[in-house]
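**Student:** Marked as active site, proton donor by Swiss-Prot on the basis of sequence analysis: 37. Per Swiss-Prot, ATP binding site is recorded for 30-37, 149-152, 178, 186-189. For 61, the entry in Swiss-Prot reads beta-alanine binding site, with the evidence type sequence analysis. The (R)-pantoate binding site annotation in Swiss-Prot covers 61, 155.
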C-alpha cells in the first residue's frame with residue numbers, strides 16, 4: 001500500500017494510473033475504521049482496478065470544536081486494516097495540505113437547498129464542509145467510482161446532487177447500512193457511547209422498524225399519531241429526539257399523497273452522542 005500525504009505526489013500517481021486506463025475507486029473516510037468501511041472497500045473492489053482510501057478528519061464539517069478535538073485518531077490501526085484488505089493507495093493529508101490558507105479563507109462548495117434542512121438545520125455548515133472536501137478529493141483523485149454508506153442518507157443525496165450539478169463523470173455507488181446483530185448501525189461515533197448507552201442504542205432501529213410497519217399498515221391520516229407515539233417511546237428509552245419523520249426518498253421533502261417511495265429519517269441524541277439512522281419504505285395507496 002502506497003501512503004501519500006501530499007497533493008503533488010497524489011497528482012503524479014493519478015496521472016500514471018489514468019494513462020494506464022485503470023478504473024479508480026475512492027472510499028472517503030475520516031478514519032476510525034469499522035466493518036462498514038471494510039464493506040465499502042470490498043464493494044469498491046468489484047468495480048475498480050485501483051482502490052484509494054482517504055483519511056482526513058475534516059474540521060470544516062464539525063460544528064462543535066470539542067467534537068473535533070475528541071474525534072478518534074487511529075491511523076496506525078486504520079493503516080493495518082487497509083493493508084490487510086489490499087488497498088492500493090491511502091491518501092492521508094495534513095490539514096495545511098487541504099486548507100493552506102485556513103478554513104476561514106477557504107472557497108467552499110455547497111448544495112444550497114438540501115444542505116439547509118434536517119441535519120443541515122441542526123448542524124449549520126456541516127454539509128458545506130462535507131461537499132467542499134468531497135469536491136477537493138474528486139478533483140485530486142478523479143475517480144471513476146466513489147463509495148458511500150446509506151446510513152448518512154442526506155449526505156449521500158447531497159453528494160449525488162453535487163456530482164450531477166457540477167458535471168462530474170463519477171459514478172456514486174451506495175452501500176446499505178451495516179449493522180451489529182442487535183440492529184445498531186455501525187458508526188465511528190458509537191465509540192462515544194457508555195456501556196449503559198450501548199444497551200439502549202439498539203432501540204433506535206427497533207423503534208424505526210416498528211414505526212415503518214405501522215405506517216405501511218395504517219391509513220395516511222393516522223401517520224402523525226404513529227410518528228408522535230414513536231417519538232414518545234424514544235424519549236422514554238432515554239433518547240433526545242431531533243429528527244424522526246418520513247420524507248420523500250428523492251428530495252427529502254414531506255411526501256405528498258402521490259409519493260410511494262419514502263424514507264424514515266431519525267437523528268437523536270443519546271447522552272452526548274448523536275446517532276442517525278433511516279429505513280426506506282414503500283407506501284400502499
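Cβ atoms here come from the backbone N, Cα and C positions, even for glycine.
Help me see these features in their spatial surroundings.
**Tutor:** In the three-state DSSP scheme, residue 37 (active site, proton donor) is classed as helix.
Long-range Cβ proximity for residue 37 (active site, proton donor), meaning a same-chain Cβ under 8 A and a gap of 6 or more residues, is found for 27, 29, 53, 81.
DSSP assigns residue 61 (beta-alanine binding site) to a helical segment in the three-state reduction.
Spatially close to residue 155 ((R)-pantoate binding site) yet at least six residues away along the chain are 119, 127, 130, 148, judged by Cβ distances under 8 angstroms.
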**Student:** How many Å separate the Cα atoms of residue 188 (ATP binding site) and residue 61 (beta-alanine binding site)?
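**Tutor:** Per the Cα atoms, residue 188 (ATP binding site) and residue 61 (beta-alanine binding site) stand 15 Å apart.
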**Student:** Among the binding-site residues listed here, 30, 33, which has the most company in the form of other Cβ atoms within 10 Å of its Cβ?
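**Tutor:** The largest 10 Å Cβ neighbour count belongs to 33.
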**Student:** Between the binding-site residues 30, 36, 178, which lies closest to residue 61 (beta-alanine binding site), Cα to Cα?
**Tutor:** 30
**Student:** Once near-sequence residues are set aside, which residues in the chain of residue 150 (ATP binding site), 6 or more away, have Cβ atoms under 8 Å from its Cβ?
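**Tutor:** Non-local contacts for residue 150 (ATP binding site): 156, 174, 175, 176, 177, 278.
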